[in-house]
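K.L.:
Dropping the structure in here first, questions after.
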Amino acid sequence: MLPVKEIQERSDRHPKPSDIKFQYGTAGFRTLGKTLDSVLFRVGVLAALRSKKLDGKTIGVMVTASHNPEPDNGVKLVDPHGEMLESSWEAHATALANAHNSVAFIAAVDELVKATKIDLSIPARVVYARDTRPTGPQLVAALKDGLEAIKADYRDAGVTTTPVLHYLVRTINTKGTKDSYGEDTEEGYLTKMSDAFKKLLAGKPTPPPLLIDCANGVGALMAERFKAYLGDIFDINLVNADLHTPGALNNSCGADFVKVNQKLPPSITLQPGQRACSLDGDADRLIYYYADERGQFHMLDGDKITALVASYIVELVKASGLDKQIKVGVIQTAYANGSSTKYLSERLPVKCVPTGVKHLHHAAEQYDVGVYFEANGHGTVLFSPAAQELISSHIPSTALTNLRNVIDVINQTVGDALSDAFLVEAVLAHKSFSGMEWDSLYCDLPNRLVKVVVSDRNAFKTEDAERRLVSPPGLQARVDELVRKYEGGRSFVRPSGTEDVVRVYAEAATRVEADGDTDSSYLLMIHSLSLSRLELAFRVAGLVYDEAGGDPSQKPNEFL
């Protein structure tokens with residue numbers, strides 16, 4: 001039986017704001033942290049019900065808003081294997097979060113129990129963590145209230161990165177089984193990743209120190225802890241590691257800043273030839289970059305990471321004599337640069353799926369080895385159980401040993417910026433690549449991502465893995481008409497899964513000056529960058545703004 005009285009009494013302490021409609025999207029619930037108290041209480045109850053539904057398996061809850069500004073916060077659930085919440089439960093999460101009062105919430109819970117046939121007698125187990133946002137402690141208190149109301153067993157993993165929480169969920173649920181993924185502690189995580197990395201670097205020249213921009217977020221804590229485990233085999237130097245200054249998180253730093261602005265954080269200066277990388281606020285995204293011999297900035301995003309990592313894994317599989325049994329595939333989204341898709345498609349299977357980790361992760365599971373990195377730097381590599389069994393039992397060789405260590409240095413549960421950085425560094429060491437040599441695998445088409453605030457993002461419907469609009473009617477034809485004017489042009493429009501905006505991506509092959517019929521401030525901005533991809537992106541954004549309900553408070557030169 002549900003402890004109805006306990007749930008209702010505690011729920012009354014966490015009333016839902018009457019003027020907000022919450023939606024569980026790609027990244028869970030995410031909005032201003034101060035508005036999420038009721039959501040966190042209800043997520044506590046939901047996580048327990050999810051655990052009961054799955055025969056008492058431990059469910060994860062992560063309180064974070066990743067790359068969003070510091071005032072935002074959010075929460076997402078993690079299923080037993082360390083993967084995202086099953087998509088059919090997203091609607092349940094949304095329904096519970098929007099029940100207008102405690103009585104309605106109890107009714108929604110009762111409906112969920114009946115609809116999904118949950119056995120309430122099964123114990124519930126939950127592990128949770130949070131990042132460094134100032135609203136985190138209050139939200140975790142609300143989460144605990146929900147867990148205690150439904151009498152769930154819970155474990156507090158403290159302040160840590162999103163990838164560590166995902167790792168803990170899998171290790172807790174596989175402990176003592178043949179599928180054990182490691183020790184179910186933060187120390188187990190640090191040891192597993194660092195030991196594999198050190199084995200991969202054994203016998204190689206010591207790589208130059210790596211500068212890591214920690215976005216003034218929780219990744220700084222984990223990167224600092226890794227130092228003790230790496231010893232003198234690899235030096236990491238941390239910048240933007242300020243966890244105490246209000247407003248510092250993701251402010252003019254971090255992976256999202258670098259990717260969107262395509263420039264160095266103002267706090268970083270690189271010497272010619274030096275490479276560095278940026279994490280995002282919860283350390284699940286990674287963007288690399290380097291300075292060439294003239295000191296010019298060059299970005300190495302998720303597409304470049306895919307090309308480097310996938311090609312290396314293919315080499316190891318072939319050198320191990322397993323290329324007939326193990327097939328490597330790459331999964332991308334529409335945001336992948338066209339040059340990367342061309343480069344990879346000439347070498348191995350490539351599949352395009354809608355934006356969102358759940359889509360990429362699911363598609364990667366269809367391969368023996370599935371490599372996925374979104375252009376924004378979020379990604380990982382999945383090895384199927386059959387592939388791992390084959391690799392572990394095959395005749396040992398240097399290539400096979402390296403392949404086994406690659407498996408262990410990767411966090412297969414989710415994108416993990418630090419784990420991915422170690423993988424990149426290992427591949428660079430094995431290939432004796434500098435940043436410039438890595439970058440030369442292919443040449444990116446110039447590209448730009450802008451966003452438009454609209455009155456209703458749900459009015460935008462897409463198809464073909466989000467590469468084409470089907471609604472609003474006629475808008476896609478206008479986009480196509482614009483794109484045809486640009487050599488190598490490509491652009492698409494899609495509603496955001498995390499914000500009330502529409503995103504516009506554009507790329508083009510040529511560099512040109514802007515047309516003369518644009519307003520002066522707009523012309524000056526485009527002329528200064530002198531890139532056709534920027535012009536195309538803003539023209540498509542203008543179509544969205546003018547024809548599909550752009551927010552009147554947002555001016556065209558504020559789309560960025």
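Just so it is clear, glycine is given a Cβ too, placed from its N, Cα and C backbone atoms.
Grabbed the feature section from TrEMBL, which reads as follows:
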- SER66: active site, phosphoserine intermediate (ACT_SITE)
- SER66, ASP280, ASP282, ASP284: Mg(2+) binding site (BINDING)
- GLU374, ALA375, ASN376, ARG494, PRO495, SER496, GLY497, THR498, ARG503: substrate binding site (BINDING)
- 58-97: domain 'Alpha-D-phosphohexomutase alpha/beta/alpha' (DOMAIN)
- 106-176: domain 'Alpha-D-phosphohexomutase alpha/beta/alpha' (DOMAIN)
- 204-286: domain 'Phosphoacetylglucosamine mutase AMG1' (DOMAIN)
- 301-432: domain 'Phosphoacetylglucosamine mutase AMG1' (DOMAIN)
- 449-514: domain 'Alpha-D-phosphohexomutase C-terminal' (DOMAIN)
K.L.:
Please list, for the domain 'Alpha-D-phosphohexomutase alpha/beta/alpha' (106-176), how many residues fall into helix, strand and coil according to DSSP.
P.N.:
37 helix, 13 strand, 21 coil
K.L.:
Count the CB pairs under 8 A between the domain 'Phosphoacetylglucosamine mutase AMG1' (301-432) and each of 58-97, 106-176, 204-286, 449-514, then give me the winner.
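P.N.:
Out of the listed stretches, 204-286 contacts the domain 'Phosphoacetylglucosamine mutase AMG1' (301-432) most.
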K.L.:
Determine which residues of the chain contact the domain 'Alpha-D-phosphohexomutase alpha/beta/alpha' (58-97) at the Cβ level, with the cut-off under 8 Å and only residues 6 or more beyond its ends counted.
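P.N.:
Answer is 16, 22-25, 27-34, 36, 38-40, 42-48, 50-51, 105, 108-109, 111-112, 116, 124-131, 133-136, 139-140, 143, 155, 162, 165-170, 172-173, 181, 215, 218, 246-251, 254-256, 280-282, 284-285, 357-358, 361, 412-414, 498.
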K.L.:
So of all those recorded positions, SER66, ASP280, ASP282, ASP284, which one's Cα sits nearest to GLY497 (substrate binding site)?
P.N.:
SER66
K.L.:
Mind checking which of ASP280, ASP282, ASP284, GLU374 has the fewest other CB atoms within 10 A of its CB? They're the binding-site residues.
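P.N.:
Sparsest of the binding-site residues ASP280, ASP282, ASP284, GLU374 by Cβ contacts within 10 Å: GLU374.
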K.L.:
Which one of these binding-site residues, PRO495, GLY497, has the sparsest Cβ neighbourhood, judged by other Cβ atoms within 10 angstroms?
P.N.:
GLY497
K.L.:
Only counting partners 6 or more residues apart, tell me which same-chain residues put their Cβ under 8 Å from the Cβ of SER66 (active site, phosphoserine intermediate).
P.N.:
ALA27, ARG30, GLY74, THR162, ASP280, GLY281, ASP282, ASP284, ARG285
K.L.:
Could you put numbers on the helix, strand and coil content of the domain 'Alpha-D-phosphohexomutase alpha/beta/alpha' (58-97), residue by residue per DSSP?
P.N.:
11 helix, 14 strand, 15 coil
K.L.:
Looking at Cβ-Cβ distances, which residues of the chain lie under 8 angstroms from ARG503 (substrate binding site) while being 6 or more apart from it?
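P.N.:
Looking at Cβ-Cβ distances below 8 Å from ARG503 (substrate binding site), excluding near sequence neighbours, one finds LEU449, VAL450, LYS451, VAL452, VAL493, ARG494, PRO495, SER496.
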K.L.:
Give the sequence-ordered list of residues that share a chain with ASN376 (substrate binding site), lie 6 or more positions from it, and have CB atoms under 8 Å from its CB.
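P.N.:
Within the chain, ASN376 (substrate binding site) has Cβ neighbours under 8 Å at ALA255, ASP256, LYS259, ARG285, ILE287, ASP301, GLY302, TYR335.
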K.L.:
Tally the residues of the domain 'Phosphoacetylglucosamine mutase AMG1' (204-286) by DSSP class, grouping H, G and I as helix, E and B as strand, and everything else as coil.
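P.N.:
Summed by class, the stretch gives 20 helix, 14 strand, 49 coil.
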K.L.:
DSSP-wise, what's the residue breakdown of the domain 'Phosphoacetylglucosamine mutase AMG1' (301-432) into helix, strand and coil?
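P.N.:
The counts are 70 helix, 18 strand, 44 coil.
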K.L.:
Between 0 and 100, where does the mean pLDDT of the domain 'Phosphoacetylglucosamine mutase AMG1' (204-286) sit?
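P.N.:
Mean pLDDT for the domain 'Phosphoacetylglucosamine mutase AMG1' (204-286): 96.
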